Amino acid sequence: MSTFLGIPGLRKTQPAHDPNILPGTAPIPDEPLRWGQDFPHAAREALKNEQMRRNLGHATATIRAKRAQVVGEAPDWEDLRDTGSQLKINTLAALPALLEQFETNFTARGGTVHWARDAQEANEIVTALIKATGETEVVKVKSMATQEIGLNEYLAEHDIAAYETDLAELIVQLGEDMPSHILVPAIHRNRAEIKDIFLRRMEHTPEGMTDAPRELAMAAREHLRKKFLAAKVAISGANFAAADTGTLTVVESEGNGRMCLTLPETLITVMGIEKIIPSFTDLEVFMQLLPRSSTGERMNPYTSLWTGVTPGDGPQNVHIVLVDAGRTKALADDVGRAALKCIRCSACLNVCPVYERVGGHAYGSVYPGPIGAILTPQLTGSTGHSDPNNSLPFASSLCGACFDACPVKIDIPSLLVHLRARVVDEDKAAHRPTGWGAAMSAASYVMADSKRFALAEKGTGALRALAGKKGYVAKLPFPANGWTQSRDLPAPPKETFRQWWDRTHPQDSDPATQNNGDNNE
Amino acid sequence: MSEARAEILNRIALALDGVPSAVASMPGAERPQEVPRAYRADSEVATGSAQALEILVDRLVDYRAVVHRAASECDIAGVVAEVLSDAGSLVYPDGLDPAWLSKLPASVVTHEDSLTAPLGVMELDAIDAVLTACRVAVADTGTIILDGQPDQGRRAITLVPDTHVCVVYAQQVVHLLPQAITQLALHPTRPQTWIAGPSATSDIELNRVEGVHGPRNLHVIIVGG
């Protein structure tokens, strides 16, 4: 097992050569927001999985094209983004009042509101609510909040079986895997692997089932139908909660959401406190932004809205658990809090060159990709220098594609830089010498004096020798090897600027003097 | 529980105060201000116009819904009978216009469902099709919206049977989503189901496959226009 600065990786070891576990499976961790190695090590491992890289390349290219088309169709797309962004900013600034308003309205319509400070408390509340019904099985709509708190594992420990009903979540659950994408948790699997998982883990797969997506979807339908029709308790997340009416919204495609939200007697919704929106009518903005950004559709097939209990229609025992679990920590950073604007569309994952190559598991969190890199470390906070989540803000080339794609204009690149600075400042505050700090001190010593700089430039000739014919250095010798750990160093040019100047301006050999002369005129 | 509530609200208040935050007043922090609303709230495409219907039909067909036209109110029953001729059984909400069922062949067994006399889930599962009205339809996004009124019924009846036949009047077809929201906001607490095509999934290699758990067949009958 590889280590991170002496701390063993947290990832559970896989049983060696278990034929039932596909390559690229991430075992269920103890902490859904902090597992595996730090990003550089996890990424290096992930890059070895060529099958996964092909799957991701294909899937993200498909979704990028679809998104571009439907976004291009909306002439007011940028106006919608501006509105969505400001609505979310205002929501975060007025959060206590909006939460209380939501609570009043949801309660007035016969719903019950619960509050959970952390994952443990949320899991306890949900478990107690299920136990009160006497049921031992529940059906689930895909929900990031319940992934984040590790609800399924907690319920299993308390003898409650939770069945994921979203097709991708089902694939992940049957494969005893972790999600690798916010919207399409099984995006790292192709049809052949999915067929393989179904054949191994699903009871009664249709005879002669091929890997055609349609046949796989039908197998899932058959598998889950009985569960839906018999379920007495369902658990969901929520995409939006309107404060002024107490209305909850779930956006989905397959109808599994409608099944869970409509047929059972008891419905328990788990939602992060940042999912509030001020007004019901704001759905006219978010319900244009979300489907186009997530699945690249003008509208997702099904959206369900409910406000507490409707007598005679749908569940009559309706609960919501409002979860903090680190959100107030993120809120306390008035730059970092912008990550809480996220509506979980996953557009930033699909356009990210880093995500596309390493996949979601490398981020060691149920929130992968660019948004995960800024959200995860803020939700968990840092446990200190060797916290693998400290490496997440560095998991980016800062190309900016995520900012352009974000429907609520989260400036992810700036937030990454902000969070990097936080990590560096923490190290500085702890007077911890770092390679980075040492390199910067050395650079500032060299650059402060033109003679020292000239001398250093001459030394770059050695790098040319190291680069050789390929024109770049893939691996610098110690102690500079940290720089080339995740990037190549281009070979320095044959001639430095100063050498060129001396050669072409023999009568005026100091460029600094020349510049000063110009400025004085 | 109320202890958690008080603590969370207190944590938020502290966080928003910018209290002991090393990064308070960092440049780049976003501030609350008046929400800009320059997006299209209204449209030059008139509600119920031929153009609005054309856009709606284009979207519905794209989603693999089957579109039928009824020239007027009195043609609905004929189109319904044609669409449902092969159905063995049909459920309809108690507030549905009974005239719509008047031309159904005798082979179609009909079941009425209501809030006070609801069919069980297993009964619904044995029924082939459901016929309902709708509240409003959005052409731009190809979305039909039901809000649980007596001509649309309980949410379960449009979910469990495998075929949903929905009648949409031309005058109900608005161009843009905000126009529909204006209507829905009159009764925001009604349970709503927004439908854009039959059940689908994009979970396998991000390609859309129609027909998973919801009705695998969606027929839309557009009346007038």
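Glycine is no exception: its Cβ is also placed from the backbone N, Cα and C atoms.
Remember, TrEMBL labels are computer predictions, not curated facts.
Annotation comment: TrEMBL describes A:1-20 (among others) as region 'Disordered'.
According to TrEMBL, the feature domain 'LUD' maps to A:99-323.
Residues annotated as domain '4Fe-4S ferredoxin-type' in TrEMBL: A:339-410.
Taking H, G and I as helix, E and B as strand and the rest as coil, DSSP gives the domain 'Lactate utilization protein B C-terminal' (A:424-503) the counts 49 helix, 4 strand, 27 coil. If you look up TrEMBL, you'll see A:424-503 marked as domain 'Lactate utilization protein B C-terminal'.
Taken from TrEMBL, the feature region 'Disordered' covers A:483-521 (among others).
Summarising the annotation, TrEMBL assigns compositional bias 'Basic and acidic residues' to A:495-508. Within the chain carrying the compositional bias 'Basic and acidic residues' (A:495-508), a Cβ under 8 angstroms from the stretch's Cβ atoms is held by residues 454, 457-458, 460, 514, all 6 or more beyond its ends.
The annotation compositional bias 'Polar residues' is assigned in TrEMBL to A:510-521.
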Margin query: Can you break down the domain '4Fe-4S ferredoxin-type' (A:339-410) into helix, strand and coil residue counts using DSSP?
Written below: 41 helix, 0 strand, 31 coil
